[in-house]
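Data block below; observations after.
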């Protein structure tokens with residue numbers, strides 16, 4: 001191979017007949033290798049991603065974002081077939097930004113499919129919430145946080161594949177008189193305890209910390225044994241220690257910390273307040289709206305515990321259970337302090353529960 005210098009002082013290649021033979025011997029194996037590599041890549045896409053690592057493959061036109069396999073078995077078509085292309089017969093509820101369906105896979109496994117509706121899919125904030133929830137749930141691991149099995153983002157079909165919770169939301173259980181009676185005092189105390197552990201994990205064991213921003217009875221799901229799991233991370237966000245963490249107001253009315261109305265600064269204490277509302281609601285069997293108003297005024301008075309407990313349940317005859325309920329109420333009122341500086345951290349709350357060996 002000979003080289004000559006062009007007018008700009010750079011080397012250009014001059015091919016000779018012998019060079020063409022050498023080049024063909026090099027190029028043909030490379031082309032063959034690339035063809036095999038392409039076939040392997042197509043097979044990989046067809047089979048799906050076989051791990052639980054969040055990988056963003058989003059394109060500008062929002063074609064396939066990502067789909068994860070559950071133990072290597074779930075495929076896109078399995079989901080579509082299981083719920084017959086999102087037939088209403090499989091609809092079990094409505095989430096923060098879409099409909100939820102019950103899907104039984106060929107393996108017998110039952111999962112919840114949370115689909116972003118077409119109308120919401122056109123709204124940028126809903127799509128952002130969808131991606132946010134998929135990303136967060138793929139990165140966090142806690143036994144009391146809803147498990148993400150997979151997700152898909154496509155121009156015409158966006159959904160999350162979550163662990164299925166047979167009894168639905170805590171809100172629905174409390175609204176149903178028969179189911180509310182099944183949710184006895186011991187189960188209610190455990191729901192509050194388990195939720196505190198999940199929030200403590202998000203605030204103190206994740207780096208950077210995660211604030212849920214929408215803790216409510218709609219976002220606490222119960223399995224067949226009435227065990228609680230925190231769900232719906234569409235509005236959750238990481239806390240940046242080097243930022244003011246100012247944000248738009250999000251969350252469920254009646255659970256939002258009062259200071260957010262004028263500071264717009266989100267931190268862990270916002271979740272603490274929401275947890276306090278949730279804890280009282282679980283004890284009362286209904287949202288404590290009127291009680292919250294009285295706590296925010298100078299006219300609040302001493303409250304008798306027996307006056308706020310769910311009347312659908314008998315007052316506890318077991319002294320230990322009564323003490324546990326009183327303990328939960330004390331924690332709840334501490335979390336509802338108007339000044340966020342005086343609210344306990346979720347780590348403190350969780351440790352208090354753990355120190356009570358009966359709970």
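Cβ from N, Cα, C; glycine included.
Predicted automatically and left uncurated, TrEMBL annotations should be read as such.
Worth saying up front: this structure is predicted, and the values here are computed from it rather than measured.
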Residues flagged as transmembrane segment in TrEMBL, choosing from 26-45, 46-65
26-45
Per-residue pLDDT averaged over the domain 'Protein kinase' (86-354) comes to what?
88
Just to be sure I understand the packing, how many Cβ atoms besides its own are within 10 Å of the Cβ of residue 115 (ATP binding site)?
23
Mapped DSSP class for residue 115 (ATP binding site), helix or strand or coil:
strand
